């Protein structure tokens, strides 16, 4: 890459979460469980949705794609963090650091857009139920998924295009367990004020615009549900609660990071853990444990496997 001739920094040092050996062992145990649960849980959702014909609907198609993104997000930094708990000198190459920045913003940007698509699906299902099958066809769902990935990748490339050209000639310690864009920009040996504003505008704009679109959509949906008094509306309200919970927990830390992106507090490091390690767990926990259709499909799949092994 072109940067290697201009930059004296070939690797970054990740300071991690703590210098205490006891705390690192504790974090390793906790985050290993969270990591394995989130990966297996999201794989389970994909398998269940693809194997049960009753879940052959746009909502579950989008849900399975959300699970795939969460699997990707679980693996961009968490495995290295778990290994680094047993390594005294935690380093990552320049290329590895840029790759982490690219992957994080690709996955996060894609997930934001996919959550908007899922909100649109619920909007059509509840506010225009007679036209649902006509509007929300498989072709539109595939277009939504394609747009989600395209926006995520373009959002990430726009960051990386400027970051790789920065001159890194001295400090190389990143006060986190992965390469977080604002923290890496701070290490550049040049004035990065314009870059910081560009990062804030880029990420803040996509985060706030998606969040506002979701808030408006769910507000309209909740008003519509409120004016109806039927069992179908009760089921719709239960589904909406799961969606809104994911939106709040996903966007909360994200918006916080881009309100104060370049003045870090000690709390920020632990919010980063929640955002990168725990967020992928939201999908299987909230959608699986609160969704009767998914739980019913899980029981059917389990019974099929039990009967298969008995025979």
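Keep in mind that glycine also has a Cβ here, set from the backbone N, Cα and C atoms.
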**Study point:** transmembrane segment according to TrEMBL, located in which of 2-24, 140-162
**Key:** 140-162
Check your understanding: Which of these ranges is annotated transmembrane segment in TrEMBL: 98-120, 167-189?
Key -> 98-120
Review point. Hey, which bits of the same chain come close to the transmembrane segment (25-48), Cβ under 8 Å, at least six residues off its ends?
Key: 17-18, 55, 63-64, 67-68, 70-71, 74-75, 78-79, 81-82, 85-86, 273, 277-278, 280-281, 283-285, 287-288, 294, 297-298, 301
Review point. If we call contact 3 or more Cβ pairs under 8 Å (sequence gap 6 or more), are the transmembrane segment (205-225) and the transmembrane segment (60-78) touching?
Key: no
Point to revise | Residues from the same chain, set at least six apart from the ends of the transmembrane segment (60-78), whose C-beta lies under 8 A from its own | key: 31, 35, 38-39, 42-43, 45-46, 49-50, 100, 103-104, 107-108, 110-111, 114-115, 117-118, 121, 138, 141, 144-145, 148, 177-178, 276-277, 279-280, 282-284, 287, 293
**Study point:** Residues from the same chain, set at least six apart from the ends of the transmembrane segment (271-289), whose C-beta lies under 8 A from its own
**Key:** 17, 31, 34-35, 37-39, 41-42, 44-45, 63, 66-67, 70-71, 73-74, 76-78, 81, 104, 176-178, 180, 242, 245-246, 249-250, 253-254, 256-257, 295, 298
